[in-house]
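This report concerns only the one structure given below.
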Amino acid sequence: MSAVQAPVTAQELQTLSTKAIDAKATAYCPYSKFRVGACILTASGEFVHGANVENAAYPVGTCAERVAFGTAIVAGHKEFRAIAVATDITPGASPCGMCRQFMREFTTASFPVYMYDGEGKYTVKTMGELLPDSFGPDDLPK
Ligand code: THU
């Protein structure tokens with residue numbers, strides 16, 4: 001069971017958004033040319049970034065959110081406070097269905113997802129809003 005996480009401070013959000021926006025520059029997206037950067041704030045106060053990584057076999061490509069969460073998990077992080085996702089469009093893109101389920105594994109319904117557009121403006125929704133009535137780890141028999 002995840003602990004209740006502290007709300008993100010204005011300073012943390014500033015850092016989170018800067019790192020997500022900067023991470024767009026690391027995207028490997030020669031096919032779509034659609035850059036996505038992401039950054040997660042961990043419960044221990046670290047920032048872990050990711051970007052989309054595409055593939056010549058198109059469906060094999062991976063979204064920025066899953067790169068960021070996978071990186072954080074293998075680095076040993078278990079609890080998370082927020083994610084920022086940055087794209088170049090307006091309004092900012094919201095995570096795809098596969099990423100919503102992927103993030104659901106490691107977050108609670110109140111986990112905030114900040115979505116930044118190409119001008120640095122954001123909207124925010126919780127995981128519960130993005131993926132209501134979700135299936136998660138607690139639904140599997142122990
Ligand atoms: N993409 C992401 O990285 N995250 C999203 O939330 C939406 C889509 C990527 C996948 C692909 O590399 C490109 O954006 C176009 O779909």
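Just so you know, the numbers here start at 1 and follow the chain as drawn.
Backbone N, Cα and C define each Cβ position, glycine as well.
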Notebook entry, point to check: CYS96, CYS99 bind Zn(2+) in TrEMBL, but which of CYS39, CYS63 does that record place at the same site?
Noted result: CYS63
Check: Does DSSP put ALA56 (substrate binding site) in a helix, in a strand, or in coil?
Finding: coil
Item checked: Those binding-site residues in VAL53, ALA56, TYR58 whose CB falls under 6 A of ligand 1, listed in sequence order -> none
Next item on the list: May I ask which residues of the same chain, at least 6 positions away in sequence, place their Cβ under 8 angstroms from the Cβ of VAL53 (substrate binding site)?
Entry: ALA27, TYR28, GLY61, THR62, VAL67
Item checked: Neighbouring recorded positions, C-alpha within 10 angstroms of CYS99 (Zn(2+) binding site) - of ASN52, GLU54, ASN55, ALA57, TYR58, GLU65 -> GLU65
Notebook entry, point to check: Far apart in sequence but close in space: which same-chain residues, 6 or more away, have a Cβ under 8 Å from CYS63 (Zn(2+) binding site)?
Noted result: VAL36, ASN52, PRO95, CYS96, MET98, CYS99
